[in-house]
Amino acid sequence: MNVSHATVHPAEDPPTTDGANAPMVRMKDMEGMPGTRGGLALRFFQFLFAAAALVVMATTSDFPSVTAFCYLVAAAGLQSLWSLFLAFIDIYALLVKRSLQNCRIVSLFTIGDGITSTLTFAAACASAGITVLIDNDIGSCSENHCVQFETATAMAFISWFTALPSFFMNFWSLASR
């Protein structure tokens, strides 16, 4: 049986066990993180679906009469502005080939994504509850804009779903420092 034998070469300088002097190992930017094409695509879709939810809900004449629908308009507006702002930052980072992995920037992105995605999810859930109440329980969809309410609610859920990867990538990047 022909087996290879491992060879050990002595190191001239033993590695230090002190954590302060250890070399920093930087992970490669994964697609979906800020400053990448995947991150820009996520921001674009977040903006697109949040803006769609905002426009569809705001074009109905009776949305101001229900607090959950007003909350959806406010949350979708905030989500669309946040996503558009970060999309511009991603475009800038891609154009100048700059990494956005600064600890403060990632902290800001993580907190902002967490807040906006939580608000969007809560608004979508509240709007879904009211839409189900109007459609199934009261049965007055003929007098209301149920299709528009359902469409705006679905767009808000999709916007939240596209915001989750951004939040988790930023949180993971922040936690792995």
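Using N, Cα and C of the backbone, Cβ positions are placed for all residues, glycine too.
Automatic, uncurated: that is what TrEMBL annotation is.
Going by TrEMBL, these are the annotated features:
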REGION    1-22  region 'Disordered'
DOMAIN    33-161  domain 'Casparian strip membrane protein'
TRANSMEM  40-59  transmembrane segment
TRANSMEM  71-96  transmembrane segment
TRANSMEM  108-134  transmembrane segment
TRANSMEM  154-175  transmembrane segment
| note | Among 40-59, 108-134, 154-175, the most Cβ pairs under 8 Å with the transmembrane segment (71-96) come from 40-59
| query | Which residues of the same chain, at least 6 past either end of the transmembrane segment (154-175), have a Cβ under 8 Å from a Cβ in it? | reply | 30, 32-34, 39, 42-43, 45-46, 49-50, 52-53, 56, 72, 75-76, 79, 83, 101, 103, 106-107, 109-110, 113-114, 116-117, 120-121, 123-124, 127-128
| Could you give the number of helix, strand and coil residues in the domain 'Casparian strip membrane protein' (33-161) as assigned by DSSP? | 106 helix, 1 strand, 22 coil
| Remote residues contacting the transmembrane segment (108-134) - C-beta distance under 8 A, at least 6 residues beyond either end | 34, 50, 53, 57, 66, 68-69, 71-72, 74-76, 78-79, 82-83, 86, 100, 140-141, 144, 146, 149-150, 152-153, 156-157, 159-160, 163-164, 166-167, 170-171, 174
